[in-house]
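> Dumping the structure here so I can ask a few things about it.
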Amino acid sequence: MSLQIDAVILAGGMARRMGGDDKGLVELNGKAMIEHTIERIKPQVKEILINANRNQTRYAEFGFTVLSDEHTGFLGPLAGMITAMGHTQADYLLVVPCDCPLLPRDLVARLLAAIEANDAELAVASDGEREQPVVMLLKPSLRESMTAFLEAGERKIDFWYAKHRFAVAAFTDQPNAFVNVNTPEQKQRLAAEINQS
């Protein structure tokens with residue numbers, strides 16, 4: 001039996017460091033940032049969900065289901081993950097941010113391999129130096145635990161997953177895979193890298 005894996009692209013933040021611009025819609029090399037992310041993950045999953053708390057109509061134009069946080073008040077990535085976990089019947093949910101246009105083309109395969117090798121409930125990606133808390137593969141059944149954590153006032157994803165059996169998938173062979181865009185300067189650097197990838 002093959003596993004069903006869906007994905008959620010997190011585009012629900014305030015993007016304060018980008019001057020409030022909606023990061024997923026910022027143009028990079030002629031395409032919205034989220035389009036680069038979609039291109040990277042679409043071949044790896046069955047369904048894609050987009051978590052957005054503004055510009056929902058614009059995000060819907062990409063042809064995927066758009067979900068706004070069930071917990072209001074821009075509570076961070078956990079809120080978007082909880083919402084997506086409640087809208088999938090998949091065995092696993094891939095979580096990625098909207099502003100990582102160089103995500104690995106084998107992201108799901110390696111995260112799943114880490115889960116299976118470690119009998120884990122979830123796997124988090126690492127660039128070899130640090131874990132990337134918003135790049136993970138997890139079981140949607142963890143929604144209840146994550147909801148309780150968020151409703152207790154907690155926000156840090158790594159604090160949440162530390163309470164569970166988690167594995168780390170290291171992508172040391174792709175050191176720039178998780179480079180994201182938080183400032184206009186980073187956007188310029190990334191545009192050059194995309195041209196080379």
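In case you wondered, yes, glycine gets a Cβ from its N, Cα and C as well.
Feature list, courtesy of Swiss-Prot:
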BINDING   LEU10, ALA11, GLY12, LYS23, ASN51, ASP69, ASP99  GTP binding site
BINDING   ASP99  Mg(2+) binding site
> For GLY12 (GTP binding site), what is the tally of other C-beta atoms lying within 10 angstroms of its C-beta?
28
> Compare all C-alpha positions of LEU10, ALA11, GLY12, LYS23, ASN51, ASP69, ASP99, the record's GTP binders, and send over the largest distance in angstrom.
18
> Could you work out which of the binding-site residues (ASP69, ASP99) has its C-beta surrounded by the smallest number of other C-beta atoms within 10 A?
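It is ASP69 that, of the binding-site residues ASP69, ASP99, has the fewest other Cβ atoms within 10 Å.
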> Below 8 Å Cβ to Cβ and six or more residues apart, same chain only. Which residues does that give for ALA11 (GTP binding site)?
ASP22, LYS23, GLY24, ILE34, ILE50, ASN51, ALA52, TYR59, PRO97, CYS98
> For LEU10 (GTP binding site), write down the residues of its own chain that are at least 6 apart in sequence and whose Cβ falls under 8 Å from its Cβ; none is a fine answer.
ASN51, PRO77, GLY80, MET81, VAL95, VAL96, PRO97, CYS98, VAL134
> Which number gives the other C-beta atoms within 10 angstroms of the C-beta of LYS23 (GTP binding site), all protein chains shown included?
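The answer is 24 other Cβ atoms.
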